[in-house]
Amino acid sequence: MSIHLPPPTQFGEPLDSPENDSSSSESEEEEDQTWDDWQSDSITQQCKSLFDEKVFQSIEETLEYDKEKHHFVLEDVCKALSLDFHKRVRLINFIRKNNSAPTHALVLTGNEPWFSTDEYLVPVIENDPLIQSSFNDWSDDEEVDNGSDPRKKIHDLEQQLARARQSFLEYRVLISEKLDITKDIQSVHEDFAQKPSRDDDTHYFESYEANDIHAVMIQDKVRTSTYAKFILSNPTLFRDAVVLDVGCGTGILSLFAARAGAKRVIAVDASDIALKAEKIVKENGFENVITVVKGKIEDITMPEGVDKVDIIISEWMGYALLYESMLDSVLVARDRFLRSGGIMAPSQSQMMVGLCDASEIWKDRIGFWDDVYGFDLSVMSSELYDEAIVDVVGPETLLCKAYPVKDFVLSDVSPRDLDFASSFTLSSTADQRTKVSAFVLYFDTYFSPSGHPIPPSTEVTLVKEGEVSLAEMWPVGGKPAHKRRQSSGKGKENVTSFSTGPHSSPTHWKQTIFMLREPFMVSEGSLVVGRFLCTKNEKNSRELNVEIHYSVKDNESSQPGPTVVQFFKVR
């Protein structure tokens, strides 16, 4: 499904920053209170943000925080969806109960089935000030006669107040009845075992027990030789260092570190591949250097004599960079075990987005269903636009210079940064009018010996198929790797890097393709601006939800087109 929104008011500005309207608020009190008394009492109530744990001293502060931090304006959303009093209450409770992301709340249509159910009339927070404020906001939405007769105006206001209070009383009765039913249901289920917590890990770790997946990763020479190059060409960094290898798999990175002179290497993996890694370490004579620990990095304790480590190495990247959510575990390892001033390897990864002519992908994955031996099987392709496609596209399909929608510096990034929304601007480089049928996503990864962010001018290493550099750090039969003289520019750090983009030799990560339900045409200089939103999937935290908002402007003199929103899953 794709959604159309108005064009951006200022082309190139963020597309999801609605203006806020001030909202009055009031709390439930006795019938003989005045309107001002009813309103002033609510202002002193503490109020929790709709989207995180922040608590404020007033509703106004909460609404302003949600506007600035989460780009969500409750009043604007309610007006846009034409929500009546009860639907407003349901919206607030739905967001709170499901921990909905603001990006999801902003694309609601008002026609969702839960807007008509009683489930979300039950307050998630007792005496929620935002629900109480809804009565005032709801009544304010009605027109007041602004004629010259003050008595008429007072009468109209009194009528609004009466209706608001009546709705509030009806709401209280409904909630009382609902809570009684809920208590009855709870009593029936008291003796049943509590539902087990969701397990996103078991299948993930089991999938890494088989040989095939490790063969694919190790045979990816761009990947493995880059790690080898960084480790083996920085002996002063690794010599006598204590190294932690997170998600060690077969232990190949640990073996590189040991060969580079590490004093101690702790290789950790939660899957049964750790048992094979232990045997591999012994077969290669590094059992006095490398200690294999089977378990989750979140749960393990370090071997005796090891408290902190000097370097953390890990190959944590997944499809679209963040698929599988292994970076979360690497950040736990950093915060638990890395000494102050320690090095993360890799040190930085950038998520890149570009325009793509994915016509061949469309033919192979989607279009062929239109005519299968003379039959129309297009029903089979209807949902393919909702799933990201992992495949390889050539450099000729990229129709612009890719844009970094997210830059992860491993020394500084926090888990909350892994769900994000980022603006982008893409300028077409097509030399003739061309159809954009997809957005393409890939990532560039950097290894800095200092661990510092790379200079903005740093260019990622692009490897062409068959180049010698793929094998030069790949020692065979115990022979030492070819020694390569490093550049010695004064003050210049030798950064190692690789790209998973179309211009470099294909890797096992390939590229992530987001096929568009509504392709568009571009010429040289056409601008595409938008927002890229990425969050963990609510049902499986190792999968991703992606939203792409975009608007097209053919040239400097043309008007921007509507903002199109499309949703994808990466799984």
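In case you wondered, yes, glycine gets a Cβ from its N, Cα and C as well.
Automated prediction, rather than curation, is the source of TrEMBL annotations.
Some features that TrEMBL has for this protein:
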REGION    1-38  region 'Disordered'
COMPBIAS  26-38  compositional bias 'Acidic residues'
DOMAIN    77-123  domain 'Protein arginine N-methyltransferase 3-like C2H2 zinc finger'
DOMAIN    240-350  domain 'Methyltransferase'
DOMAIN    351-458  domain 'Protein arginine N-methyltransferase'
REGION    478-504  region 'Disordered'
COMPBIAS  494-504  compositional bias 'Polar residues'
DOMAIN    494-554  domain 'Protein arginine N-methyltransferase'
Message = From the DSSP assignment alone, can you count helix, strand and coil residues within the domain 'Protein arginine N-methyltransferase 3-like C2H2 zinc finger' (77-123)?
response = 29 helix, 0 strand, 18 coil
Message = Let me check one thing: do the domain 'Methyltransferase' (240-350) and the domain 'Protein arginine N-methyltransferase' (494-554) come into contact, meaning three or more Cβ pairs under 8 Å with sequence separation of at least 6?
response = yes
Query = Same chain, outside the compositional bias 'Polar residues' (494-504) by at least 6, Cβ under 8 Å from its Cβ: which residues?
reply = 222-223, 226, 229-230, 233, 352, 392-395, 397-398, 402, 440, 442-449, 454, 458, 460-464, 486-487, 510-511
